[in-house]
Amino acid sequence: MRLHGAIVLLAALLALVTAQQRGGGRSRGGVKGSAWGGRPAPFRSWDTARYRPWQEGTARQNDCWRGGDVTFDISNDAPTLVGARATFSIALRFPGTQTVLPDGRVVWSQNCTVNGTRMLQGDPVYPEQLAEGSDGVFPDGQPFPRSAWGKRGRFVYVWWTWGRYWQVVDGATSQLTVGTDGVALGSYTMEVVVYHYRGRQRFIPIGHASTQFSITDQVPIAVDVTQLEVAAGDGGSFVRNRPVAFNVRLHDPSHYLRDADISYSWDFGDQSGTLISRSPTVTHTYLQAGSFAARLVLQAAIPLSSCGTSAPPVVDPTTGPVPSLGPTATQPVGPTGSGTATAPSNLTGSGTAAAPGTTAAPRASGAPAEPTGVSVAVLSDSAATEPLPDPVLSTAVADAAAGTDPTADPLPPTSVSSGGDAPGTVAPTAVEGSVAAGVGTAEDVAAATPGATAADVAVDTAGATDGDAVGPTAAATAESIADPTAGATDGDAVGATAESIADPTAGATDGDAVGPTAAATAESIADPTAGATAVSSGSATAGATAEPLLLVKRQAPEAEPTGCVLYRYGTFSTELNIVQGIESVAIVQVVPAAPEGSGNSVELTVTCEGSLPEEVCTVVADAECRTAQMQTCSAVAPAPGCQLVLRQDFNQSGLYCLNVSLANGNGLAVASTHVAVGGASPAASGTTLTVGLLWAPLIAAALGTAAYTYRRVKYSPLLPTAPTAPRPHSWLPPGATLRLLLRQAFGGAPSGESSPLLRANAV
C-alpha cells in the first residue's frame with residue numbers, strides 16, 4: 001500500500017510540474033502589440049529539441065548561416081477590405097556568394113574561402129538530407145504532409161498574429177494567405193520566424209521578421225488624373241477647355257469585389273452636377289479657370305453567397321411585428337478592448353471567427369508554385385477579439401446624409417400600393433420634437449377620406465399636442481391606410497405615404513404618437529393601437545369604431561431580400577488647378593520675304609488664342625511631314641496680343657512641311673502648313689503657297705460644267721412656223737445622229753427649240 005501511495009504521489013507531482021512548465025510558456029496578452037519572445041507566446045506546444053527558439057542578438061544566432069547573414073524581404077498586400085483575404089510574402093536573400101537553384105537547393109555561386117575552408121562553385125552550402133516520416137514535423141508536433149517528403153532546400157515558416165499561428169514548409173520563397181472574416185478593423189503586425197532543415201531532426205532558426213498590415217471597411221482606391229496633349233506643368237495644373245481623364249484603380253488583390261456591382265458618383269466641383277457611371281474611367285472638361293475640388297464616392301454592392309433566395313415571411317400587421325425589408329444592418333455594440341470597430345457578422349468566407357480560413361501559396365524561383373505543406377493552429381486561450389456586428393453597412397451613407405444617429409433602431413420601410421401599375425417601397429423619415437407636414441392640404445386629405453371634411457381633419461390634427469407627430473411624408477402616393485408601425489415612441493414620427501388620412505388620428509391625446517403607414521395587402525382600417533406605445537382607451541375605441549375604408553388589394557412584386565447584398569463604400573477627393581493655356585494656333589499668312597539674298601525665305605504670320613506663349617519652335621520637314629530637316633526655337637517677347645511674324649529660311653527650292661508650335665508653362669499648341677519655295681507664285685493668304693496651282697484645274701472644270709448645264713436647261717420660246725428654207729448640200733443627212741451630236745457639241749443648234757417635232761417641222 002505504501003508503494004502504491006508513493007507511485008500515485010509521484011504521478012501527481014509530475015503532472016503538476018508539467019502543467020506549470022506549459023503555463024509558464026504562455027502569454028495571455030492582447031492580440032495586437034504582443035512582444036516577440038522567440039516563439040508565438042500562446043503556442044499550444046513547442047518542440048524545443050527540434051526547433052530552438054529564436055533569440056535576437058545572441059552570439060549563437062549570429063553564426064546561424066554559413067558564409068554570411070540571410071536577410072528577408074517580407075511584404076503584404078494591405079490595406080485589406082474586411083472579409084477579403086490578406087496575402088503575406090517572404091523571400092530569403094542569401095549572401096552574394098550563394099544562389100538558389102530551381103530545385104530549391106542553395107549552392108555556392110563562385111569559388112571562395114570561408115573560415116579557411118575552400119568552397120567550390122556549385123557545391124551545396126549545407127549537405128542535403130531528405131527528411132522522411134518522423135523527421136518532418138512542425139514545431140507543435142504536427143507531421144509534414146507527404147508532399148513535403150523528399151523535397152530539397154526546405155525551410156519552415158512559423159507565422160503569428162491575432163493570437164493564432166500558421167506553419168508552412170516551403171522553399172526560399174513563400175506566401176501565406178489568410179481570411180479576415182470576423183477580424184476587428186485596425187492595424188496589426190504579422191511576425192514570422194524562419195527555420196532551416198539540417199537533418200537528424202534539427203531545424204536551425206535563421207531569422208525573424210515582421211510586417212504591418214491593416215484591415216478596413218473602406219474600399220481602397222487610387223485615382224489617376226491626366227490630361228492629354230498638355231505640357232506637364234508644376235503643381236499638377238490642367239488646361240481649361242480640354243478634357244481631363246479620371247481613372248479609378250481598385251486595390252483588390254484577392255478579387256473580393258469580382259462579383260460586386262460597382263458604381264462611381266463624381267462631383268467635379270464646378271457646379272456641373274453629379275455624374276454616376278459604372279465605368280472606372282471618365283472625362284470632364286472644365287470651362288473656367290480656377291481651383292476645383294473633385295470628389296468621388298464609390299459604392300460596391302457585394303452579393304452574399306450564404307444568403308438564401310426565399311422571400312421574407314408574410315406577417316399579419318395586426319398580430320405580429322412588421323418585417324424589415326431594409327438592409328440587414330445589425331445594431332452597434334460597445335467598442336472592443338482595442339478600441340477599434342468590429343467586422344460584420346454576416347460576411348461569408350472559408351474562415352470562422354475563431355479560425356479564419358487559410359491557404360498557402362508558396363513560390364519558388366520567383367514564380368508561383370504549389371505549397372509544400374501548411375498547418376494552421378487556433379489558440380483556445382488566445383486573446384483574439386470575437387467578431388462583432390458591424391454598426392455601419394448599407395445605412396452608413398444614408399445616416400450621414402440625413403444627420404440621424406446610426407445607433408437608433410432603424411424604422412422599417414413602408415410598402416406602398418400606389419395608384420399606378422408599379423408598387424414601390426419607400427423608407428419612412430423620423431423627426432424629433434417637431435410635427436411632420438405632408439404635401440397635401442386639409443382639403444385634399446378630407447377629399448380622400450369618405451365622410452370627412454376639412455374641418456374634421458383640422459380638428460383631428462389639432463388634437464395632437466407638443467411631442468406628437470402627425471403627418472405623412474411625400475415620398476409616394478397610396479390608396480390605403482394600414483396599421484401604425486411598431487416602435488413609435490413619444491416625440492417620434494412614423495411617416496406614411498398616403499393620399500388620405502383616416503379617422504384613427506382623431507383619438508390622439510397628449511403624449512400619443514400616431515403614424516399610419518401604407519400597406520400593400522391591407523383591405524380595411526385596423527386597430528390604430530397596434531403600433532403605438534402610449535394610447536388611451538378612449539382613442540382606441542374611437543379608432544375601432546371608425547368606418548372602414550374599402551381598399552383594392554394589389555400583388556406586390558417579389559423583390560430580392562436586401563439582406564443578401566453587402567454595401568461597401570470608398571471615397572476620394574483632390575484639388576485641381578485649372579489654368580488658361582494656349583488653346584489654338586493658326587498660320588494665317590505665308591508670303592515671300594523681302595527680295596534679298598537667295599530668295600528662299602518666307603514670312604509666316606501666326607496667331608493664337610488663350611494665354612500668351614513663352615517659346616516658339618519651327619520644324620522644317622519633307623513634303624510628307626515625315627522626316628525633320630531643320631528645327632529652331634526662340635523665346636517670345638512679351639506682347640499685349642498673341643500675333644507673331646516668323647521668318648524661315650530654306651536651303652533650296654521645293655515643297656516643305658512647316659510645323660509651328662507655341663508653348664508656355666501651362667500648355668502647348670501646334671499648327672502645320674505646306675510651303676512651296678522658289679518658282680511658285682506666293683499666295684496672298686491661306687495656309688499654302690501652292691493653293692492656286694493645285695486647285696486651278698478643278699476650278700476650270702467646274703466652270704465648264706456649269707456653263708454647259710446652263711446652256712442645256714436655258715428656256716427658249718417657241719418660234720412661229722416659217723416656210724422651209726432651202727438647205728445647202730451636206731454630205732450628212734439632216735436626221736443623222738452624228739450630225740446632231742456635232743451640232744450640240746459645237747453650238748451649231750438654233751436659238752429656238754431644237755426638237756423638230758415640237759416645231760412642227762418635217763423630219
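Glycine is treated like the rest: Cβ placed from N, Cα and C.
Looking at the stretches 24-50, 402-428, the one that Swiss-Prot records under the feature region 'Disordered' is 402-428. Taking Cβ-Cβ distances under 8 Å and a sequence separation of 6 or more, the neighbours of Asn111 (N-linked glycosylation site) in its chain are Arg118, Met119, Leu120, Gln121.
In this structure, the C-alpha atom of Asn115 (N-linked glycosylation site) lies 74 angstrom from that of Asn651 (N-linked glycosylation site).
The number of other Cβ atoms within 10 Å of the Cβ belonging to Asn115 (N-linked glycosylation site), over all protein chains shown, comes to 8. Across the structure, Asn651 (N-linked glycosylation site) and Asn659 (N-linked glycosylation site) place their CA atoms 17 angstrom apart. Counting other Cβ atoms within 10 Å of each Cβ, the lowest count among the glycosylation sites Asn651, Asn659 belongs to Asn651. Looking just at the repeat '4' (509-532), the mean pLDDT is 36.
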